[in-house]
Amino acid sequence: MTAPSKPVLVADIGGTNARFALADVDASVPLLDDTSREFAVVDFGSLGEAARYYLDQIGVQATQGVFAVAGRVDGDEARITNHPWVISRSRTATMLGFSTLHLINDFAAQAMAISLLRPQDVVQVGGASWRPAPIDQARNYGVIGPGTGLGVGGLIIRNGRCFPLETEGGHVSFPPGTPEEIRILEILSEQFGRVSNERLICGPGLVNIHRALSEIAGVDPGPLQPKDITARAAAGDPRSSRTIDLFCAIFGAIAGDMVLMQGAWDGVFLTGGLVPKVLDSLQHSGFRQRFEHKGRFSAIMSKVPSLAVMHPHAGLLGAAAYAVDAQRQHPGEQR
């Protein structure tokens, strides 16, 4: 590994694991993949301690950082639900001896990653073909990702600058599109009261859909995990297969609604831990039909590309993209 002369430490901090890598803001491929490492958060008392351990392990000293955090960033602090760390930007920067440290939301990082994605990093799920455009070309993108929850965001590119949109679109009310989905909504309403998109389109959402289908059929499915449903679907179980089909169709409807709300005409990027696991189903399901089925806008929607992000470290890539964008805005900051 050859470290850049002025490396930027980038991180993707989740509820269970912390991933670190180095970035070179002057390189054509800023994220240095061979420097990435992953650690369990429970093994360290703080974010600064984990970051220092990483830097010591690879033998590099950085003075700049961009850390993406799976939680809300409020001023100097970031909070992650059920997380052992209290993350303070100023205290972490002081501990590491950093002159500059940015804390950003993890889905802002997912959005920023779009600016560095290459064709080999994505798989087409429908619509017009997509290729990266010059940074000075105006574009509007959407990003949506089911994992433990449902993240929704966007990226606006103007005059060579990237502006991530941080939203809570996963908590928008679920709009059923078929009689079957209306019945599922009724069942979930009895359990949750208000039903958001996140109640269906995420890992636990797979379980919610399956349980609703089981109740409709008058059977008890027993204890279930999302991985049980995907495994049973792969083995040909009809109810699990129907669960995956509904998941993909509803996912498509929600992603299409996001395009209309954000004006994300240049493409929607599907990210998150579940996407690679259901990729084949997304490509051969009702995802695109529901994505495009938007009344008077159906013809326009048919041209909007939807792309599954397959980059293994999209969060780190987005943190690196943020560092590159900061360099464009304040050239002296990263020097």
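Cβ atoms here come from the backbone N, Cα and C positions, even for glycine.
Taken from Swiss-Prot, the feature ATP binding site covers Ala11, Asp12, Ile13, Gly14, Gly15, Thr16. According to DSSP, Asp12 (ATP binding site) sits within a strand segment. When Cβ atoms from all protein chains are considered, those within 10 Å of Asp12 (ATP binding site) total 26, not counting its own.
Ranking the binding-site residues Ala11, Ile13 by other CB atoms within 10 A of the CB puts Ala11 at the bottom. When each of the binding-site residues Gly14, Gly15 is scored by how many other Cβ atoms sit within 10 Å of its Cβ, Gly15 comes out lowest.
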